[in-house]
Each structure stands twice: as C-alpha cells, then as structure tokens.
Amino acid sequence: NPYEGLVSHLRRSWLSGRTRPLEYRVAQLEALGRFLDEKKDEILEATALDMGKPSFEAYFSEILLCKNELHDTLNNLAHWVKDEHVEKNLVTRLDSAFIRRDPYGVVLIIAPWNYPIHLFLVPLIGAIAAGNCAIVKPSEISNHTEKLVAETLSCYLDNDCYAVVTAGVEGTTRLLENKFDYIFFTGSPTVGKIVMQAAAEHLTPLTLELGGKNPCYVSDACDVQNVARRVAWGRFFNAGQTCIAPDYLLCSLEMQEKLMPALREAITEFFGPNPKDSPDFARIVGDKQFQRVQALLSSGRVAIGGQMDEEERYIAPTVLADVLPSDPAMQEEIFGPVLPIVVVTSMDDAIDFINARPRPLAIYAFSCDTKEVNEVLDRTSSGGFCGNDTLTHVTLTSLPFGGIG
C-alpha cells in the first residue's frame, strides 16, 4: 500500500507522546493561524480560480470562520484538556475518580471541494487540539486549492505528525485501506457509504458530514421582503454550493406569488441586472456538476433566471415555481444556484412533507409568529435549525455542527 509507510510514521510519532503536551498543541494551532494570515491572498486566488468564488465570500467562509474556530479553541483548550472529577460513593470516598479525554491517535480528514479550506481546517483544528496526528486529503476537484494546501501547509505544521495527501478516487481508496483511529469525511452520501464500509473493516469510528435537502418553510404570516433577501442570500451564496443552503421552499400558492417579485428584486439588488457580470456571484466547480444542475431545471417552471453558459460554468440565480415532489429537483441535493418552490396547503402539510423525508442537515422556518417557528422546530428533526434567517447558525462556534447520526 503506497500510504502504509506514511501512516506508520505518524503512528510512531503519536505513540511517542509528542502531540499530547498542551504547549505542543497550542504551538501547532498558532501555526495554523499564521497559515491563514500569510496565505490569505493565495487562498482567495486559488478559490477564485477553482470556482469563481467572490473574494468577500471566500474571506468570510474560508478564512474568518476558521479564525473564529481557532480563537475559540485556543481560548478554551486549557479548560477542555483538564480531567473532570466526578462524584464518589461511600466506598471510594478517599479515592480519585475522573474522566480523562484522550486523543484517538492517527486520524484521517477527507475534505470536499465546495469550501476547500474551511472543511479541512476546522476538523484539523479539532484533531490537533485533542492531541492527534492527522492526514489531510483535500479534494482533487478544487485543484488549485489542493495544490496550495499540499505545497504550503507542511511549512507551518510538524511534518512528523501532520501530512497532506493528494489523490483522486483510486488513491483515496488505497488510503482508506490503512488502519486509522478516526476518520472525518465531508461529502456526498454516496461516497460516505464507501468511507463507512472502509472504516468498518478496521472498526474505525468516524464522522460523516453529508449533505441533504434542507427544507425552508415560509408562513403566510411573514415579512415577504425580509424572507426574499435572506433566502436569496443563503441559497445563492457560493452559487448554491453549500451543504446547509436552503434547498427548497415550502409555502402556500398565495405566498409563492408574493415571493416571486420580492425574490427577483433581491437577486437584482445582490447581483445586478445580469448576475453573470457580477463580481459577487460564483461559478459551478466543474463540467460534471454543471451538467447535473442543468438537468434539474426541467422541474416545474422557470420563474426567475434560468440562463446558462456552459463554457463559463455559469448558471444564473434561478427560482423554479410549482415544483412537484416527483420532479428531478426534489430527488437529490441541488448544490447549485437553483431554488425550487413546492406548494403546500398549511404548516401541518409542510411539517408532514419534511418528516416524510430523510432528516436534513438544517431546517429553516420564516414567520412573524414565533409560535409557528417554534412549532416547526418542535415537530421536526434536523442537525441544525434557524428561524427567520439562513446559514447564520453555523457562524457560532458555541453551537455544535452536523446532521442526525
């Protein structure tokens, strides 16, 4: 196996106890902070080359949120690593009883292409903070960012304990044959199943951070302008290539008609009369992804947008009206700048619709009536929930992030 030597080398480093001292962990985390500061321009350039990522979006999602995670970790690490002393009974009154949080060992982090810095760095921050050695496998699809990470990260971290592996599907398959102590994978459910099977061979615990169809319920009792702006921002951020983006709207027929002019106005305000010329609108990452998203436009009717340029991998911010549950856009995660609207008769109907499908990474609910928002929260199940806004819940380092299971 081409990676056996690398994994063995990292395991020897971990067994030596090198990564366990608090001072070591802090030094490596501070080095990641320098990586973000000193390579800021290269990160913005690489993400722009990979998917036309606007500089503000890239700075906010790839750099600023990672810095927040770093600051939170560095501020709390001394407290997190302390033994937690627990209550004792009469027999053990003179003894010491405590919970100690140990590192797993050598961990593997497989990152996706849509947020190619954030989604390898945040798990890596956690891995370093906990005292592990780690191998990071960036996505080969965002190849400019992959090259940047592979060439520069080793200049900041201890190479005996942390390594970057560049590989496609075949190489990643061989990498997964090795015994790891923990695997953190971010990507599609299809590949997640393959990773889980590989982990099962060694009984390796893992985290699968998978996408899904995140519903967004819009009540008749809402501020239409406010909903349109916040949904348009959340849906079209990074050209819709965000795992927690609102994937589809559930609302009444009357609300659908009210939302159309408001959504059109919000899209024009954010991206101008021709979003193709806007410096604030990203592109689809690759030809395969472009063709997949393009095929979804046959669902319902195109009410806003729909323009495409395959050479530029451009798909305009698009809203589909009167979409049926059986339409192609409702069979898979969209992961592009397309927003389907499914008409429901009531909030109960919307909740039944949500609960009849796999539990999503996020659920959104808009209403001027707090009771309605809370009812959607109480009667559904999701990894995260955000009322009267989109995406913002993941900006809080104080909240856990992930799906169900």
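Placement of Cβ uses the backbone N, Cα and C atoms for every residue, glycine included.
Features of the protein shown, as given by TrEMBL:
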- 19-404: domain 'Aldehyde dehydrogenase' (DOMAIN)
- E209: active site (ACT_SITE)
- C243: active site (ACT_SITE)
Residues that sit under 8 angstroms from C243 (active site) by C-beta distance, when 6+ apart in the chain: N114, T186, E209, L210, G211, G212, E333, F335, L361
Neighbour count (Cβ, 10 Å) for E209 (active site): 21
Local confidence of the prediction over the domain 'Aldehyde dehydrogenase' (19-404), expressed as mean pLDDT: 96
